[in-house]
Amino acid sequence: MKSLIFVLLLGAVFAEEDKIVGGYECTKHSQAHQVSLNSGYHFCGGSLVSKDWVVSAAHCYKSVLRVRLGEHHIRVNEGTEQYISSSSVIRHPNYSSYNINNDIMLIKLTKPATLNQYVHAVALPTECAADATMCTVSGWGNTMSSVADGDKLQCLSLPILSHADCANSYPGMITQSMFCAGYLEGGKDSCQGDSGGPVVCNGVLQGVVSWGYGCAERDHPGVYAKVCVLSGWVRDTMANY
């Protein structure tokens, strides 16, 4: 188990090895909900879900961090960025570091984000997305490519896989709070450094980049936290915290 999970968690340690595999450069600011979690370096992604709150993966937890919004080229100041520190970082109470179940956390910002054409929130789901729905995953994670400019936000279109295909890919490891997306033949996937980032389907945040076996490997699609199952906790926490 640890060897499987360790592959994705490398992104939180080796910040230079960051990007999406088999994707393309996102249209600039088309993913205006995408944020970078920073602790002196980019270590995970996240999604702005209101002017005060960001959703990310629980395995990306740090007690204090800085959220960078409005980014495209992560190493260049383009004049669109907002840098806001966290006031609270809250993991799902049933998150398990053993099997990465309920891999979601909320970050409350010390001040509201300014919403504009470069920074805006993504909607939370009111229902789960159907199998085969095409979604966009984005991030500054490992491209495993010498051609792709991974300092610029990368995007990838992926279909949601059936629970059966997901469970067959990872026997005994998939819970009701997880889903798989991608291609069983491999070649396209999220990777190290993308953890915590968004999976957006028809304008709705359906997934959080969580774990997988390697990156873009055959019969091992990416595994994502299933936001539609976890959104009750997200909404309750934002309302009551």
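Every residue gets a Cβ built from N, Cα and C, even glycine.
A disulfide bond in Swiss-Prot ties C166 to one cysteine from C155, C180, and that cysteine is C180. Reviewing C215, C228, the cysteine that Swiss-Prot connects to C128 via a disulfide bond turns out to be C228. For C60, the partner cysteine in a disulfide bond according to Swiss-Prot, taken from C26, C44, is C44.
Noted from Swiss-Prot: C201 is disulfide-bonded to C135, selected from C26, C135.
In terms of C-alpha distance, the listed disulfide-bonded residues C44, C128, C155, C180 place C128 closest to C201 (disulfide bond). Here C180 (disulfide bond) comes close to I160, L161, D165, C166, S169, Y170, I174, P221, G222, V223, Y224: these same-chain residues lie at least six apart in sequence, with C-beta atoms under 8 angstroms from its C-beta. Secondary structure from DSSP puts C201 (disulfide bond) in a beta strand.
Comparing CA positions across the active-site residues H59, D103, S195, the one lying closest to C135 (disulfide bond) turns out to be S195.
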